[in-house]
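Participant: The structure under discussion is supplied below as structure tokens; questions concerning it will follow.
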């Protein structure tokens, strides 16, 4: 008697194109951002809006009024903005501020890059020197400012009595008081820029220097062809941050000169503070602040465009 056996079952058909349901579910779970993540960001956004955005909006609103900081007020349109361009004190403050900002930006970046190159070399006590150079940045600028005020007003005239410029108190000289502000600003600002440059230098592979040395490249050639092009992004960041920071110079002026002699060292931020909170020019100086905010933004954008183009050329 013949028995027949059933043919083996055919293999299951191939899975159609696309991911299995379990994989799709995993992907959907991974792709979704938990709601808790958004709620963690909300407090920061609320604080930013309340402490930053709202004051800016209120300031822009009052810049179109004659509000003195108290009492009643009326709308005056663009009168405050028009008066700014005819105010000699405002124009002088702009000139002083930009002069100090440009001088400090150039000096800080040149000195910081030099220090970073030295600290990046193989030297003894490298970590110690890095810590020492960063100390000025963490000190209170007001406290340090009063120390420097004593040095410029008392110590330097005695130590450098043979030099006509330093024979008297340099802070009382309208033509030279700005140099003390630049000196203090640079002394305190070099540390932060040095750290950024050090971070950039440590991203450069040492193999590039070794290969260039084999080709006979000098240290100057290595800097021009390897180092500076490869830290171009860090140079851009340092230049933009430095210029933006020093256009808002304020803390260094208060202990050294307080804007004097006369108004020779009065910056825009100091003028806005004095006129707005002490001089009954709240609306007028608010308009000044709005204009200055726009100026800082335009300067930063210009720097980014110019320096980014230079990075592309490298």
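Each Cβ is built from the backbone N, Cα and C atoms, and glycine gets one as well.
So TrEMBL has the following annotated:
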COMPBIAS  1-22  compositional bias 'Low complexity'
DOMAIN    94-303  domain 'ABC transmembrane type-1'
REGION    1-26  region 'Disordered'
TRANSMEM  35-64  transmembrane segment
TRANSMEM  93-119  transmembrane segment
TRANSMEM  131-152  transmembrane segment
TRANSMEM  176-201  transmembrane segment
TRANSMEM  222-241  transmembrane segment
TRANSMEM  289-307  transmembrane segment
Participant: So if I exclude everything within five residues of the ends of the transmembrane segment (131-152), which remaining residues of that chain have a CB under 8 angstroms from its CBs? That is, six or more out.
Facilitator: 115, 119, 169-171, 180, 183-184, 187-192, 194-195, 251-252, 254-256
Participant: Look over the recorded stretches 93-119, 176-201, 222-241, 289-307 and say which has the most C-beta pairs under 8 A to the transmembrane segment (35-64).
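Facilitator: Stretch with the highest Cβ contact count: 289-307.
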Participant: For the transmembrane segment (222-241), what are the same-chain contacts with Cβ under 8 Å, counting residues 6+ beyond its ends?
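Facilitator: Residues 105, 108-109, 112-113, 117, 193, 196-197, 199-201, 203-204, 208-209, 212-213, 300, 303-304, 307-308, 310-311, 314 contact the transmembrane segment (222-241) from elsewhere in the chain.
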